[in-house]
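Participant: Got a structure for you, questions after.
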Amino acid sequence: MPLSRLIINNFRNLQSLDLELSPNFNFIVGHNGSGKTSLLEAIFYLGHGRSFKSHISNRIIHYQAEDFVLHARIDEGQHQWSVGIQKKRSGDTLLKINGEDGNKISDLAHLLPMQVITPEGLTLLNGGPTFRRAFLDWGLFHQYTEFYSCWANLKRLLKQRNAALHQVRSYAELKPWDIELAKLAEIVSQMRASYAEALRPEIEKTCQFFLPELEIGVSFHQGWEKGTDYAEILAQGFERDKAMGYTMIGPQKADFRFRANGLPVEDVLSRGQLKLLMCALRLAQGEYLVAQKERQCLFLIDDFASELDPIKRELLAHRLRESGSQVFVTAITKDQLNQMQWQESEQDSLFQVQQGMLTK
């Protein structure tokens, strides 16, 4: 679902912008600190209700303002949506879809599936399992309508169980939580396993395109020993969990691991190879969504030229062009965009950013 218009008010150094966007490539060029990454961050905020750079909203609101406001128009065929989000220094958030209040962040996220590729995004590969669970759960959120409620209830029950571990004296007092928790854990883990297996060939094929010299393997680990009853594991681990103060085993420990030629990717790949692999994973997942749901996925790419040689940049540009997706790309100079062939398409847009101001 491409964005056709974007209005930004008081988001970091972007005080007042109104942009008409291309459904294809949108290039944002400017020096460091000009505001080009902030533009990507604003789009990301519209689709997630949070930033990919800071979790403190007061750092995102322009220093002279009391709030920021983001508004966008989404076009898909004959359908249009108007979406907006306002964040105040007090912490209050107002969401609107087609002028109506009472919406949730998940409603915005459903309308705007997007993948972000940033220099910090290597945590998907060399960070903890949390980042890889988020990768899987993003796909599941857009793939299965029932996933979000199961996932949210699972998080709620885990939080309640962890709090109860500090209060109960016997397992009998905790068992009511565990009966429901075990059911949800099995459901969520089965969804994750099925999705991971369906995505695996897409990942391997895309990795072969970008990194033909490597054999990339993927594997899903549900967070407890496969083939065992999670309810029994919870019961058997009660004393240990009570001593630690939290649930040590379960779907909250799941992981989606990547290996190159049989070894952990973070141990053997260069930073350039890791970035290519990260790009391949994001592209594979976005393209899988398009194939399964016939929905477009936005791609936000910050610092396109970083750590990629000209040949690899051209490969990435070619693959993105083929996807037919709406793409937002930042770069310091126009020269860095040569591999994106931006000057060859009349349907692309090029924006120059300087001190929070944009010119087209």
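From the backbone N, Cα and C atoms, a Cβ is placed for every residue, glycine too.
Relevant sequence annotations retrieved from Swiss-Prot are reproduced here:
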type    : residues                                               : note
BINDING : Gly30, His31, Asn32, Gly33, Ser34, Gly35, Lys36, Thr37 : ATP binding site
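Describe the structural context of each listed feature in the structure shown, including burial, neighbouring residues and relevant distances.
Facilitator: The C-beta environment of His31 (ATP binding site), restricted to residues of the same chain at least 6 apart in sequence and closer than 8 Å, consists of Ile332, Gln354.
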Participant: Say we define neighbours as other CB atoms within 10 Å of the CB. Which of the binding-site residues Asn32, Ser34, Thr37 has the fewest?
Facilitator: Asn32
Participant: Among all chains shown, work out which of the binding-site residues Gly30, Gly33, Gly35 has the most CB atoms within 10 A of its CB.
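Facilitator: Selected residue: Gly35.
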Participant: Enumerate same-chain residues with a sequence separation of six or more from Lys36 (ATP binding site) and a Cβ-Cβ distance below 8 A; give 'none' if the list is empty.
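Facilitator: Within the chain, Lys36 (ATP binding site) has Cβ neighbours under 8 Å at Ile28, Val29, Gly30, Thr330, Val353.
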